[in-house]
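Here the structure comes first, spelled out in structure tokens, and everything after it is commentary.
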């Protein structure tokens, strides 16, 4: 299941230390102006090596469009996007070949497939999100043509909310050889009402799946989220007025369908599992071992997850948008 | 999108005040003993009218198997499950024909379809979950044959965790004409490692979609969930030992694949939107109106959501289980 | 895989001698006037017992809409259609419990599932097509609203093409206790250009799958079909003129996409496998047996397959129509 | 819809004169030995320029595996296969920019998308089958590990069946500037009984869709095909004996499920539409024009379609094989 979406279908491929990563998009509308320059900025935002707070692995991460456009415009045929890997210091990982890194998918991939590319996590690496960001950036572009914007921001790092405190938390974690997590919020503006499908294609369920599918995410909230569980109905219901809804506790979605308000989603991002401290683990033979992960790692993945969360949300919203388009002609006929 | 699952595919139908609700299950394994008596207990648990804390609507909600079994055993052909509606006091809803109830999907269905069955919420009614519970109970039975158990419980009502306090919160809400929400936890035991598919078919993403697709749910957590966002990597990583994982902060899923530990999911349930207090709203023409919802409603939907959450989780897990089965022969050949 | 379609998704259920057969349609556009009377005529056309040339089993086969309409109009929610079985002379089949009827799916169902409802073929019975016809009749109605008509006709019976000869062939087969097959043609008129999706969702591939999925069908042709394999390019190419195509060897589809001309499909229908003559077979234990099938059977299934072929074609065309709708807004924006 | 399959899912991309063509395979079993050398022979068989009977375009068509294997073995993650285009004489096509070639998809792509890559047919080019052959060759390899073989052969060229006559027909067409079609047969041996799913996932329906999805194919037959429509039931039924079926009119499939016999499929291939003779057509403005197609074209595409037909059949069979695997554990438990 490396495909996301029913209408705007994204299939990703590639391992952290393989030849290339990429995505094929099937169902891209024709007639959209699209070039590498529309996609590259999103890749640059998730790229490592951009500040002292993130991993120093310095990949160029240049995206190339292999098919699906003609003279700078999408043709409706599959878009193939590719990013070649260049800076593959696979040797860094030789010591880890038979060890399961705690908090990583090493053990579960081994349990599932019996075989795995151990270099940098292979397919389970955070580097896989590069494919999603490339594809999601195309979705962001198309949504933009329809007046829909998707913007993410950091709300918390290790429980702290102020900008200086958040940076300090990351630096402190890095200096201790440890890591920290945080909370990211994504807001969609300009979304028309009527997107999302009952009962199993609800927009909030689609967003939840999209966001929970990002490696480090352990929780998803829509609107007031867990706080809604502690409110009363009279507080939590959003009154309707002739000018629109008077509040937005629901986060822009009712019964799985967009209300036309801002869509608000928040995710809990766990601390990066790669830490420079000794940890207990076992090897493939089940024997007790100690592991200390060297190499180039992020003390906090949260900043780099922001564009990934935007892109995954964009994919979910665009998919619902195209789904609704199918029936628009019938609704207009009716009126 | 009224179908859930890729392998064990459940398609539901029916409105709150239509003739019947039901589900068709495609992809049910053959050779499983199955009768109405295996499904009915789950419907009874979600049924209204069972205590003074839930809605008094008293439907019999008797499930009937229309196809897919022969002499008490599944044949591998589609299972059709049906529950006829009997106690349809649709008259209760005449006053609501042109009004949008705050917190309900009335407005969004209107925006999406232009037409809706307004009686009791129609398809967006909580009564639709009856179809899922019928189908989910079949999944629970099949998982049981494979040694996998799914059990839900209430963790909080309106912020309270003790049993007596939770009951008091519901009674107090009912007496005020208001409503309250809460938190439900679902635990899966006996799940083998290796279930779930990278990168878009992750088990946690599937569970998140399954649970967020329940009407009143506004948040989903796996394992430590939002608390993980406030922990450090050294605290949050689960060490591996020769005897297994030393802790379970991850909630039984790493990289989207089950670890073999208990799977732990929690959901935030919003307070029931139907409250017996005056609320501001508009009618279909956009004019300002006041609404006060009579009829038979739950002051707290949380107890009745427990079996729904169990059933949706069971559907997600069974689907991943069948997905893994496809490749089992290849893995065994390899060994 | 009891679901057909990506956009207008039909899931069927039911066995020949079970309680009921039916279909759930997910993805039906809202706002379409629809009642049982719109569907029933198609069921009546495929019903047995209507002349001396077809099976005498006399089922009423009354369809009932259980959900998805409100006050006579579709709401966009799932349409559940059901037909209860009444005339179940299952006793007729007791002698066949452990025997595999030649030409039927008895052996293959046994090989696949290990268990089967042997009564009248169970799920593999031609009676299953009743569900498809019910669902397909809805598709025919919707296409009709869009100016698209689907009409089938018999072209050959047992190699004969004249009406009197064809009837004589059927009567002769019946009198001999034997059966005959034939060829059915389906023509779609009013289909706009642009339906069908490269490369695996081609309209001709979708029609081929839809028609080959009818039990007795062993071949499918589009346009000139097998005759095209014997023509030269200069004969087979359809010239374009300012007034449109000058011929239609292609059968209305080029590169998997409709040209706007008539779509022409033909199917080869094998002779009914149930014959009243002694045949060699084996039982479930593999022992040699002779079988002579009594009961009520059609000496020629071709007349009753005509509405089934129309309905399956309608489902394929409607699905492609809805697929194209998704991108129509983008194309109009472009112009 | 550029994805084929439910379990072994192949998504193709690329245009005839773009940068590259390729395929991503999702759902490939882990643990299969696989290298470029296992795939290349199939590409070589469909490659142009191999004899004086086929197009002289001489592409190297070297396939490269970009992801999904590790140390020569599949890992269960997506296989990305790529073939770079090298010999792109796009200039050949400038004269065709605004003309619709008869028998090609030029007009229908224009009608569908409003925009198209006109160079060599772009996505609708026969060159697209290169992606399918690359992916299908992987399927052939996996089936081979399971004892299943797929082999195609030419049965007819322009109505002729002898080898010398067939070659003469192709040469004659080439010399006249015309083209001819023919019939290809694919036989699957070693296929176990029980593959294929009622009622819409029938193995014959899947094969029909797979084969009809090849550009030039206008008809598909299983077993006796159209001849079955002219036989009687007593002739057409395959008797069962303790030693197995006594004949194979059904072509190895009954009720959509494999019988364990040879699976036999035949396709009608139309004559290549590109001919070196004057033809009537119109341009994008609808004005009358004459067209005479130069460039490098096949007077008969049939020889090059053989590996494509094998590969598409292999994809259909492997998909059904994996589908059956899901339920094997349940069937074994039952026994």
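Cβ from N, Cα, C; glycine included.
For D:46, the entry in TrEMBL reads NADP(+) binding site. Listed in sequence order, D:129, D:130, D:133, D:304, D:307, D:308 are the same-chain residues at least 6 apart in sequence whose CB falls under 8 Å from the CB of residue D:46 (NADP(+) binding site).
Here TrEMBL flags D:123, D:124, D:125, D:255, D:270, D:271, D:272, D:273, D:274, D:296 as FMN binding site. In the three-state DSSP assignment, the secondary structure recorded for residue D:125 (FMN binding site) is coil.
Counting neighbouring Cβ atoms within 10 Å of each of the binding-site residues (D:125, D:272, D:274), the lowest count belongs to D:125. Chain C lies within reach of D:123, D:270, D:272, taking the binding-site residues D:46, D:123, D:125, D:270, D:272 and requiring a CB-CB distance under 8 A. Residues near residue D:123 (FMN binding site) in space but far in sequence (CB under 8 A, at least 6 apart, same chain), listed by position: D:14, D:15, D:16, D:109, D:117. In sequence order, the binding-site residues near chain A (CB to CB under 8 A) are D:123, out of D:46, D:123, D:125, D:270, D:272, D:274. Within 10 Å of the C-beta of residue D:270 (FMN binding site) we count 31 further C-beta atoms, all protein chains included.
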